[in-house]
Every structure is written in structure tokens, then in C-alpha cells.
Amino acid sequence: MSSSLLRAAPAVHPARLPVPAAGAGRNITWLLVLALLVGLGFVLDIALGSVSIPLPAVVRILLRQPIDTPAWEFIVREIRLPKALTALAVGSGLAVSGLQMQTLFRNPLAGPSVLGLTAGAGLGVAAVMLASGSAAGSLAIRALGVGGSWGLVLAATTGAALVMGLVLALSGRVRDNVVLLIVGMMIASVTGAIVSLWQYFSAPEQIQEYLLWTFGSLGGVTGSHLAVLASVVTVGLVLAFASAKSLNALLLGENYARSMGLVVGRSRTLIILSTSLLAGSITAFCGPIGFVGIAVPHLTRALLRTADHRLLLPASCLAGAALTLGCDCIAQLPGSQATLPLSVVTSLLGAPVVLWVVLRRQNIRSSFS
């Protein structure tokens, strides 16, 4: 958003805040470009890997047409298609949750982990992985039946849900968003300390297993996992799109939002609930995946040159999905049997994006004030 618009913003009627006019055609063009990038990334993510599959064959398999190599059909349908669909859900969910957090807290460095949800999910996973190294912990895990992949998902979901419940309870009593931000940071700090303490007393095998989870991965999401993940992410996205006008109002501050009749407490609760569902479910199924939630909102603001969340939300969905698909293609190291941690690739690509935007728009803080 330009500085001139920001200076004039308090005088603009809320119903028109902040709607692009002359750049409408340009914004639609960018949305179409992002949609094309998502489609291209989706097909490439399915085609590339340790076994390269020709693009025409991928298209035929997706269209349920017969091909001459049955093994390719198995690889696409059972392995790569669920992973590509997971990338769509993860990228769009993290990008939208990051956009909401940056607007709610009016902080360009806010991301999906700002409320401590990622740390809460990590605490749940650590409780299962690291506690299994002791006899008492292993017995408790077997008694509760939380072993295996679903056990990790359940543990991560429980940890994220507990943090979400605490944050939602506090959001109704705390009027200052800065205080709520500090609460989230303290929750993340405490849970991180507990995990570090567990690691100190755990066996090297359990520590290595937990570290592998922290790298993030899309490959562990099976068909049954994907159905649950997609459902929760869809609910979170619906809540986010329903909050578009509230986000536009909150961009100018809570006092201005109240003056235009917005129930700030209820709107903030919906935004936090949406972010919690998105970030919590994605972390539970895929592990912590960094920088997508921070980098993508800045990228979409730079491309569209607007602060209107009715445009930024769909653009963030598309850009987040495209970035995650692209990062997963790189992480697969096409033609090699090895793979890179997804979170490492997203950070390597996300950090330059943020630096580019900051250096290109040195008045970036003005977009949040």
C-alpha cells in the first residue's frame, strides 16, 4: 500500500477500505499468473522425483486414461498425488494464517507460529517420541494407544489444541494485541524449554527421530490423513475469507475498527480460531514448515500493491501453494534417491523473498500502521 493511501486512510469510508480501482485488471492478471504457477507446480511435483515420469503420462494418469507403464500409475496415485495435494493445503493454509497474524498484530514479522501453536504441537510430538525411550513412557504410550503415525498426529493436535484453547480464553480477556503476542511468545518459550529438557534426558535415537520430525515433510500424509487435513484446512480458510472485511478494518487499528461498528473481540476470536486450525493441523500432520507464512504475505502485497484482504487472501492461497509445490520439487532432488528437508528448502527460498521485499519497499512498516 502506498504511503499516500496510508496517510489518507483514516478519512476513507470503511466500506471502501482499501479497494483498488485502477489496478483491478493488473491484480486479476497476477491472480491468473499465480493460478497457472500452481497448476504447473502441481504437475511438476507429481512428475519429478527419484523416478521421473513424463508430463504427458502424468496428465493421462490424472485424467484416468490408460498408460503403458502400470508402475507409473501406482507411483502417481498412491505416493505423489497425495503429496501434491498436501502441498496445496499446506501452502495455502500457512500463507493465509501468516497474513492474518501480520494484520492482527500489525507486525511484518508475525507468522503462523506467533501464537505458540507450532511449539504446542512440537511439545505433543516430543512427549510421544522422547518419552518412548523410557520404560514407563513406553508403557504409558502403549496403554493410551498413541503409537504410530496417527499417534503422532493425535499428540501434535492435542498440544496445538491446548495452546489454542489457552489463547482463545485469553483473547476474550486481553484487549491489547501486543499483550496477546507476548503471551504467545512466552508459551513458545516455555514449551521449547520443556522439549529441550526432555531431549537432555533422552536417548540419541529418540532425539534423532524428533529432529527428523522438526524438518517437516509432506510424504508422510496418507489418504486417510489427507482427508482429515483437507477438511480442517478448508474450515480454517472459510473462516479467514469470512473475516476479510474485519482484517481490512483492523489494519487501521482497533480504535478505528470499533468506530466503524466492528465487534473487535469477536472478530479477533474468529481470526485466532482460523489461524489455530490452519497452523495447528498442518504442523500436526507435516511438522513445522517455516517461512511460508512469513514470506508469502509480503510477496503478495508487493505483487498486488494493495492492502485489501479480499484480494490478498486468494492471492496468498495461490502464492503459498505455488511456493510449497516448488519447494517440494526442489526437495525431491529429481533423479536422486535422496531428499532434502522441506523446511530447509522453504527457509532458503523464503528468506531471500523477505529480504527482496524489505529492500525494495523500505517503508514496509507503514503497511501496518
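The backbone N, Cα and C atoms fix where each Cβ goes, glycine too.
Which of 69-92, 117-140 counts as transmembrane segment depends on TrEMBL, and there it is 117-140. Taking every listed stretch (30-63, 178-198, 270-299, 339-359) in turn, the largest tally of C-beta pairs under 8 A with the transmembrane segment (152-172) is reached by 270-299. Tallying C-beta pairs under 8 angstroms between the transmembrane segment (270-299) and each of 178-198, 210-242, 339-359 places 210-242 first.
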